[in-house]
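Encoded as structure tokens, the structure appears first; notes follow it.
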Amino acid sequence: MSELIVENLNLSFGGIKAINDVSFTVEAGDIYAIIGPNGAGKSTIFNAISRIYTPDSGSIRYRGQELLERAAHQVVDLGIARTFQNIELFEKATVLENLLVGRSSKIRTNWISEFFFTRNVRKEERVHRRKTEEVLDLLNMQQYRYERVSDLAYGARKNVELARALCAEPEILLLDEPASGLNPEETTDMSFWLKDIKEELGVTIVMVEHDMSLVGRIADRCMALANGAVLAVGSVAEVQSDPHVQAAYLGQVAA
Amino acid sequence: MQVIFRTSYDQDIDHLVDRGEKYRILAAIALALIAPLLVGSYLLSELAIFLVYILAGLGLMVLTGFSGQVSFGHAAFLGIGAYAHSIFLGYGIPFVVSLPMAGLLSGAIGAALGRAVSRMHGFYLAIATLAFAIVVETVIGEWEQVTGGHMGMQVPALSVFGLELGESWQQYYLILAVVIFFIWGVANLMRSPTGRAMVAVRDSEASARSLGLDTARTKILAFFISALITGVAGGLLAHLLFYLAPESFGVQDSLRLLLMIIVGGLGTITGAVFGAVFVTVLPNIIGVLKQILPDTVANAPGLEQLLFGAIIAGFIIFEPEGLYGRWRKLRLFFETYPYYKKSTFVRQKRYLKTERFR
């Protein structure tokens, strides 16, 4: 079954066409990589899916539901969670609080009962904490639990962002450059975790990534973009050997 | 150094798990309870004003400290609360109904303002709230049939359930109870989803939205709760002022509230308390200083404003975390002595491009 279907997506900023008639389909349970040079429109596609940008035309369907009819904060209700390229964490809060915000779509209490902290609020809080605990264990981050995000190193922040997205119990994860800025060891950890997330939690992953060794290790399918248009789609090896893709990265061979 | 070994989620959820903090707060409450026995009635009414400032600061802290929405016009809600409460009392509505009604009215106006400015940030938000405060002050001044205009308005006597509370210790206890209630409530909010949503909106709106938070709704709610608390503070303040005039709720008072929470420490409840200490104690210190200083300096116009401004500038430059931040550092110094290192609190490397301009 196809999970995410993007059809004829167009998006422009003023005169610049950031996405030009892009269509692709992500199958359930896959790790789908989007690659391409800077400015190819990779992150823009993510921002269109999470409704931060509104495309000019096209459709984005998730399990038959049209995402473009929803507001940005309603996307996660469908089971779509994401991370950001530049890390958008809640800096002055602790790791635990960040992860608990990840549970926002599951909150069932209102502010008046929270003001009085009724027994039901406490019960819900315990449930949310148990769920975040599972994620902390999965990503091996117990030692950061009470750290403020502003005190963490870059690599740890990347993991916190991944963990926060997982706390929303997503069915599909959009990861914007999960390995950028990580050292080789951290990148290896990341590749194991992404495989775990895919195999143990059954989460479909769509990721934008420049690190081709990571893409080669874990991606099931791959799409190459340049200047807002699709160059090639297929397995990683197919895309890497595609002449158009090589031209986009390395330039044309002089005739 | 005390290490809390946690064995259940309730230890994460409960207030005051740290033993030292618990004792300090219990001691502060005990001190507040026996204060009427220790001080005279003049000082007690000063203490009551101090409590009202804590409450008003707490209201602004919800909006600016926790939700990151700056307000340059919060004295307007103080004024709305004070006038609404006095007017309701004038119609014979009992105190226990009138005060919540004044708070809710202030909250509703706050929510409407929040709705109007929910897409504004930074300077634009500051100017919008400032304009709002000026409008409110003008309306209060011009609406003479209801508010008495610039002639002012007498505040009806304070009585609860038919019991006249004329003595300052009676009023003090009433105000103390209201302040503790709201501090408890806000502390509850901050350990709940709503409080975390506010912090999320403050620190990153984009990711708050992508995690399922309706940021506009969160901001409106923050404005509502903030204006409600400040409105209640205004209602209580009315009884301490006896006589209301629009000038009591002007731009300068808004600024004082904002400066109070900055000096106290943004983003913490304790910061609101410390800030209130600052704004109530400082004028007294300046008064004492004036007697020592030579006449030409002591009687120079604008001395208070100069000192206020200098202290605030000093805090922003040297201690952006405010008095509460200073206190945390001091505490860590003693807890970890002799291993304290300054770099614990030094801001880590900045990773994001946008951060480099902060």
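Residue numbers in this text run from 1 along the chain shown.
Glycine residues also receive a Cβ, built from the backbone N, Cα and C atoms like all the rest.
Per TrEMBL, transmembrane segment is recorded for B:25-44 (among others).
Long-range contacts of the transmembrane segment (B:50-68) within the same chain: residues 74, 77-78, 172, 175-176, 178-179, 182-183, 186, 189-190, 195, 198-199, 201-203, 218-219, 222-223, 225-234, 236-237, 240, 257-258, 260-261, 264, 266-269, 271-273, 275-277, 279-280, each at least 6 residues beyond the stretch ends and with a Cβ under 8 Å from a Cβ of the stretch. Annotation source TrEMBL lists transmembrane segment at B:50-68 (among others).
According to TrEMBL, the transmembrane segment annotation covers B:123-141 (among others).
Long-range contacts of the transmembrane segment (B:172-190) within its own chain (CB-CB distance under 8 A, at least 6 residues past either end) are made by residues 15, 29, 32-33, 35-36, 44-45, 47-48, 51-52, 54-55, 58, 61-62, 66, 99, 158, 160, 165, 225, 229, 232, 236, 269. According to TrEMBL, the feature transmembrane segment maps to B:172-190 (among others).
Sequence-remote contacts of a segment are chain residues at least 6 beyond its ends whose Cβ falls under 8 Å from one of its Cβ atoms, and for the transmembrane segment (B:220-245) they are 45, 48-49, 52-53, 55-56, 58-60, 62-63, 66-67, 69, 71, 74, 77-86, 98-100, 102-111, 113-115, 118, 147-148, 150, 152-155, 158, 171, 174-175, 178, 182, 186, 189, 194, 198, 201. If you look up TrEMBL, you'll see B:220-245 (among others) marked as transmembrane segment.
The annotation transmembrane segment is assigned in TrEMBL to B:257-286 (among others).
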Contacting positions for the transmembrane segment (B:257-286) when only residues 6+ beyond its ends and CB under 8 Å are counted:
46, 49-51, 53-54, 56-58, 60-61, 64-66, 70-72, 74-75, 78, 183, 186-187, 190, 303-304, 307-308, 311-312, 315-316, 321-325, 327
